[in-house]
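Per Swiss-Prot, these features apply:
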type	residues	note
TOPO_DOM	1-22	topological domain 'Cytoplasmic'
TRANSMEM	23-43	transmembrane segment
TOPO_DOM	44-66	topological domain 'Extracellular'
TRANSMEM	67-87	transmembrane segment
TOPO_DOM	88-97	topological domain 'Cytoplasmic'
TRANSMEM	98-118	transmembrane segment
TOPO_DOM	119-130	topological domain 'Extracellular'
TRANSMEM	131-151	transmembrane segment
TOPO_DOM	152-159	topological domain 'Cytoplasmic'
TRANSMEM	160-180	transmembrane segment
TOPO_DOM	181-193	topological domain 'Extracellular'
TRANSMEM	194-214	transmembrane segment
TOPO_DOM	215-285	topological domain 'Cytoplasmic'
TRANSMEM	286-306	transmembrane segment
TOPO_DOM	307-325	topological domain 'Extracellular'
TRANSMEM	326-346	transmembrane segment
TOPO_DOM	347-352	topological domain 'Cytoplasmic'
TRANSMEM	353-373	transmembrane segment
TOPO_DOM	374-384	topological domain 'Extracellular'
TRANSMEM	385-405	transmembrane segment
TOPO_DOM	406-457	topological domain 'Cytoplasmic'
TRANSMEM	458-478	transmembrane segment
TOPO_DOM	479-545	topological domain 'Extracellular'
REGION	520-545	region 'Disordered'
Amino acid sequence: MSILSLVEDRPTPKEVYNWRIYLLAAVASFTSCMIGYDSAFIGTTISLQSFKDEFNWDAMSTDKQNLISANIVSLYQAGAFFGAFFAYPMGHFWGRRWGLFVAALVFTLGAGLMLGANGDRGLGLIYGGRVLAGLGVGAGSNITPIYISELAPPAIRGRLVGVYELGWQIGGLVGFWICFGVDDTLAPSHKQWIIPFAVQLIPSGLLLLGILFVRESPRWLFLRGRREQAIQNLCWIRQLPVDHIYMIEEIGAIDQSLEQQRSTIGLGFTKPFLAVWSNKRIMYRLFLGSMLFLWQNGSGINAINYYSPTVFKSIGLRGANTSLLTTGIFGVVKTVVTFVWLLWLIDRLGRRLLLMIGAAGGSVCLWIVGAYIKVAKPTERDPDAPLDGGGIAAMFFFYLWTVFYTPSWNGTPWVMNSEMFDPNVRSLAQACAAGSNWLWNFLISRFTPQMFAKMEYGVYFFFASLMILSIVFVFFLIPETKGIPLESMDGLFEYKPIWRAHAKVLAQLREDEERFRTDIEESGYTKSDAQQVERVEQAESVPKA
């Protein structure tokens, strides 16, 4: 087997890798389009001269400008932090499907509220709208990865959850180029800066429409005791009959996992809270998941996403249009590399190796960019002077950092957090993981303007140092999860050393699979047997007169 081969825990029929599973993942990932667009458009929009003129920006002190910029950006993260936790009761009681619908609805209300802002009304509507939009995307960032991971076959689970990350990058790409387009084609006016705010309504509207046609997660239906509908949905998604041996295995694994959860943690709404506080194993995994998002945000990605014009100015680029163009190219690079990660890397190269390679390469690039700024002091040069050779090299290493970071730390923490928890604590665990992402996101975005003002080149050294530390964390604490069924994740955290756990669990799964199929063959199992059992079960379920 090559290092770039798909890892299957058992023989998987080709019907399982069908268009339906990709369509469901794509519709759910309009959530991440909302997030990506918001993270990309806001920093560039508030840098437009038309926005500054509308709100009398130039009359403010530099400190006040930095404070308002930070507030506009960080209120969104604050809302997202709380939205991630509000999503837990929605996902538990209403399901993944309707939870996503409510998240999109709240986001749409927030986006609509922002459209009422102008110079006379002030920034209050933008502040309020950003909080509501944050609540919506925070809830969506909790539910979407869970929904997709619960639908996905193990061998392509990383790829399918990666569609969520792809949606993020497509939304970001649109956000970057919308701002470049309005700056390049429209005269400074209210219309120029309000258009990027209005475009937020497109991905949320598509999600509101699309969610009406998707299927509920079978695993959530099993959890809620709606077994018949769960089996029906699972068969529809897999495109296999209920008596196929693959379906028998999967349903049996889900039943076994739920029975284990019922006898240990319990299946109620409050049971996961008790389990988290009383079970060190679950608490430890929550720590790992939250730390992955600390290292992700510690790479500097959100400082760049939200304040890209400031970042490029620190390297020596001048002019709003030039910064917007460079930011747009940054978005293109991220999107292209995300496709590579999605199609070839995440389920073939695996999670651990990607994280370590990305951190090592990205750290080197940031050290070089920071060293250039320290030595050359590009911000002190003539604003009309073109980039010199050192500046061009710094831009090259910035984009090379993007190539290292994007297929490693951008989406992989979301994939791992969606798959490494037991079914009954998965919603709560994902809420904690998503909440931690938005907490670190908030802290970075809130203080980035002040960091660039005070630290200058030191900002790049700071993020480069954190990327080095993340390598040590991943090597010693994070197991590989590719190709492992959700119901078998516990084993990964029981074997030591952690870097050998994946091979041991996979070998055990294949041994169990071979034994199961041998037992099935020796029992003389046929499809007609399964159909007869199903008919008997249906007959027994009919009420007697």
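Easy rule for this one: first residue shown is 1, then count along the chain.
Every residue gets a Cβ built from N, Cα and C, even glycine.
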Long-range environment of the transmembrane segment (131-151) - Cβ separation under 8 angstroms, sequence gap at least 6: 21, 24-25, 28-29, 31-32, 34-35, 38, 75-88, 90-91, 96-97, 99-100, 102-111, 113-114, 157, 160-161, 163-164, 200, 204, 217-220, 237, 414-415, 417-419, 426-427, 430-431, 434-435, 437-438, 486
Distant-in-sequence neighbours of the topological domain 'Extracellular' (119-130), which means Cβ under 8 A and at least six residues beyond its ends: 54-56, 68, 71-72, 75-76, 79, 110-113
Interface present between the transmembrane segment (458-478) and the transmembrane segment (194-214) (three or more C-beta pairs under 8 A): no
Feature contact check the transmembrane segment (67-87) with the transmembrane segment (458-478), CB under 8 Å, 3 or more pairs: no
Any contact, the transmembrane segment (160-180) to the transmembrane segment (23-43), with at least 3 Cβ pairs under 8 A: yes
Cβ pairs under 8 Å between the transmembrane segment (326-346) and the transmembrane segment (385-405), at least three: yes
Cβ contacts the transmembrane segment (98-118)/the transmembrane segment (385-405), at least three under 8 Å, sequence gap 6 or more: no
Beyond the flanks of the topological domain 'Cytoplasmic' (88-97) by 6 or more, those residues with Cβ under 8 Å of it: 103, 139, 142-143, 146-147, 150, 211, 214-217, 220-221, 224, 269, 427-428, 431
Chain residues outside the topological domain 'Extracellular' (374-384) and at least six past its termini with a C-beta under 8 angstroms from it: 313-316, 318, 390-391, 394, 456-457
Helix, strand and coil totals (DSSP H, G, I; E, B; other) for the topological domain 'Cytoplasmic' (88-97): 10 helix, 0 strand, 0 coil
